[in-house]
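First comes the structure, then the notes that go with it.
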Amino acid sequence: MTSIILLSVFGIANLFIGFLKSKRILLPLALLFLVVVFGVNLIGWNNTQTYFNNMLTIDNYAVAFTGIMTLSTLLILPFSQHYLQEDDQNLAEFYSLLLFALVGAIMMVSYENMLMLFVGIEILSIAMYILAGSDKRSLRSNEAALKYFLMGAFFTGILLFGIVLIYGATGTFNVTEIGTTQAMNDGVMNTMFVLGLLLVVIGISFKISAAPFHFWTPDVYEGTPTLFTSFMSTVVKTAGVAAFYKLMVAAFAASYATWFPTLIAITVLTLVVGNIGAVVQRSAKRMLAYSSISHAGYLLMSLIAFNERSDSSILFYSFAYSIATVAAFGVMKLVSDQRGDETFEGFAGLGKTNPLLAFAMTVSMCSLAGIPLTAGFFGKFFVFAAVVEASGLMWLVVVAVLMAAVGIYYYFKVVVAMYMHPAGNYEKVQVNSFTTFMLMLISALTILLGIAPALVSDLI
Amino acid sequence: MMTALLLFWPALAGILVLLIKGKGAKTVAFVAALVEFAFALFAVSGFDTLSAHAQFALNLPWIESAGIRFSIGMDGISLLMVLLTTFLIPLIVLSSFKHEYRSPNVFYALILFMQTGLIGVFVALDAFLFYFFWEVALIPVYFIAAIWGGANRVPVTFKFFVYTIFGSLFMLAAFVYLYFQTPGSHSSDVNTFYQLPLDAATQSWIFWFLFVAFAIKMPVFPFHTWQPDTYTESPPQASMLLAGIMLKMGIYGVIRWLLPVVPLGVSQWDELVLILAIIGIVYGSVIAIRQHDLKRLIAYSSFAHVGLIAAGIFTLNEQGLQGGVIQMLSHGINVVGLFFIIDIIFSRTQTREINNLGGITQTTPALSIFFMILMLGSIALPLTNGFVGEFLLLSGVFQYNNWFGGIAGLTIILGAVYMLRMFQGVMFGTKTANTDNFTDLTLNEKAVLIPLVIMVFWIGLFPNTFLSISEPAVGNLLNIINR
């Protein structure tokens, strides 16, 4: 709770600090705010509290996810010095909007009442709509914002409609009470409830860009300024999946049989569309957009497994995925800006000209592909483990294995370009030492979690 | 502790090598590899050859909550594999001294990193640890092949990489499934896996999940399509690493993680595997006869030889398994030697085409003798190492089925055909423009070949030195399989 209040206050404070002449203080200050929030958040560990007449519950689940989302934001922000011009009039607003978005994300992992879930999604989404269009003079950025906003508003409507139908069927917004009602009726439910459940599933599937509700993803990711894309594909996705899982466990555990067929179809479709879609991309950024769809599929796999391994595997997977994605977008932005080439060929010869950047990119590609020694391997491992334990789903693991092999193909296209293609006319990419340090830090973290995964996986 | 030292020393040395700029890197790498070999010899000296159990074992918690442990140790089979790896790596490093690779520190560091992965595969006693090192061994050799390889290296090595990872992901899925079948709070320990009471239908599909991974690595027909191109396009050192040691990972995987884990699955499919392996033997040999490129020829011959090893192992009798183990050593030694000789020839003539070579014997007595010994070892002439392995393997296959034995026996005849044809074309006849100024071996080249040739005779004359090491472990595995 404290972290939500603090972040809101910090966000507003940031807006006022924006009036100062020098904008240099904004980034260090935002980082400081996030460190404070990260620390304050930890106070809630093993100390479950509810707030506002059971609207919010801060339990270990919420604290763990808040922690990794705050950490991801902390790792994303330093890259802003490459994305945002220092003379930009709206610099303070960007930082504030990111902090506000994080508030929404935290509410999405700690809600107890479906209205809070809705409010959290809205707080997050509205900030993201603005940030998607923050590159005001770029046509693609404008297009992305409009697309994201129209589609987002539409699906938020669907979500809200679903919530209302469930309220009609059960008479409550409280997820635990919905769960209890369900359990008492022994899973028997009326049409209104089933329809509501389906609409809620569709609404959240859109937010985590699961197929077939993914059509906005490639265009929006491509058009949005890369800093905010990496926030979108990490924090937003983590919050979405965490909220999804919490909702299913608390409210709809008894109606597992009802939503299981729908969700398994969505999962398989997401895995296939994401991975096959990524193969045919020529732009590295679009490839990462499709890859983010595919990772939504892996995350949904552990949701579907629906057992005691699900929450920790979602936590670990989303963290491993988030840090690797942050590094990947970071390097990609540097390379594509300075070389003016967004395709894989833009990475040609990077291993020669910038060994450290190439190393960071290789580690994150290996992690996304799930190669051992990186966090991504254990991410996939825990997800597969959760699904295997849920009996009768071995075929889903086979599908996922096939798709993971496809994934290795397109992730390694980047690695091949970096190390095996000659640099040609491309020169060394200019990068300051702080960014290099951050990239090395992320790589070290990725490898550390690839050797000692228990650091995160044993949290919840 | 000994095992841990063997496992981590190359990685630490690799990090050190990475920091050395310039020419010092290769020397340091060589010394580090020699030290590693000394460790291995020390381990042999302290090894109890009568025991079937893992020795020098170390068992530490790794992912505590999941019951996954960092469990390593060596029984006789592992020890022989470790011995082979630690023996070959210094020679592979030494064999590269004639080349000036760019970024030598990275090149040699990658070789040492790969050694850690290889040793890890051979000593891991936990399924996930095994999988972990299995992939760790792949990544360095992929980069060695893809960065320092020939003109067409990028697509070829990429295919190799995706292909093998694809297979191993199935292995991972099978391990995860097996892991959840273990009682209590689950464990991925090898002995727990051996005791799993699985029904025949389950074992049947797990067999394929595991077999695909190992068959791609070996490779067994029809999973071999990555192999000839990859061997041809890789730099000589990567070819040696791949053929000499890495394909043993596949065979070792079958012995340790397939046969004893799903014996009922094996009994359902062993005949099919033998047929595939024997097709591979004949097919590989026939294609080898038709090759003009020396490296491709050796690649196909290696494919044929591995087919025989696979066939012998799946007979599930002692001769077959013991023959497989000893033949892994022999094949590793011979193929590294042959690849090195091809490298010597190529670096002097700039060609690997048999048609462009000839008459080399006239000026090179030393090279001719070494080449001939290694070639005869590969043909399995008595007194050489190849004979012991192939004899045991074939007698194993004959015990299984006379027809299979008869067809698999063709390997000796066909092997003699392509090897002698190659030797004749390259070494005898008249000199060509390419071989006009061919000089004999340098000291460095002799230093690589002499140890190899000594081993050819040692295994050929006194195979018991090695067979006795693996015998208790093989007996123990057979007991588990036939339980």
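Residue 1 is the first one shown; counting continues down the chain.
Placed from the backbone N, Cα and C atoms, the Cβ positions cover glycine too.
Look at TrEMBL and you will find B:6-22, B:29-47, B:67-94, B:106-125, B:131-148, B:160-180, B:205-226, B:238-259, B:271-290, B:297-316, B:328-346, B:448-469 (among others) tagged as transmembrane segment. Positions annotated as domain 'NADH:ubiquinone oxidoreductase chain 4 N-terminal' by TrEMBL: B:59-119. If you look up TrEMBL, you'll see B:125-410 marked as domain 'NADH:quinone oxidoreductase/Mrp antiporter transmembrane'.
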Stretch with greatest number of CB pairs under 8 Å, the transmembrane segment (B:297-316) reference, B:6-22, B:29-47, B:271-290, B:328-346 candidates: B:271-290
For the transmembrane segment (B:6-22), distant same-chain residues with Cβ under 8 A (at least six beyond the ends): 28-29, 32-33, 35-36, 39-40, 43, 72, 82, 86, 89, 104-106, 108-113, 115-116, 119-120, 123
Cβ-Cβ under 8 Å with the transmembrane segment (B:448-469): same-chain residues at least 6 beyond its ends: 44, 47, 49, 76, 79-80, 87, 91, 94-95, 322, 325-326, 329-330, 333-334, 336-337, 340-341, 370, 373-374, 377, 382-388, 441
Recorded stretch, among B:29-47, B:238-259, B:271-290, B:328-346, maximising Cβ pairs under 8 Å relative to the transmembrane segment (B:67-94): B:29-47
Secondary structure content of the domain 'NADH:ubiquinone oxidoreductase chain 4 N-terminal' (B:59-119), with strand meaning DSSP E or B: 42 helix, 12 strand, 7 coil
Cβ-Cβ under 8 Å with the transmembrane segment (B:238-259): same-chain residues at least 6 beyond its ends: 77, 81, 84-85, 88-89, 92, 95, 111, 114, 118, 121-122, 127, 130, 134, 137-138, 141, 144-145, 148-149, 171, 190, 193, 207, 210-211, 213-219, 230-231, 266, 295, 298-299, 302, 306, 309-310, 313-314, 316, 321, 324-325, 328, 332-333, 335-336, 339-340, 477, 481
Taken over the domain 'NADH:ubiquinone oxidoreductase chain 4 N-terminal' (B:59-119), the model's mean pLDDT: 88
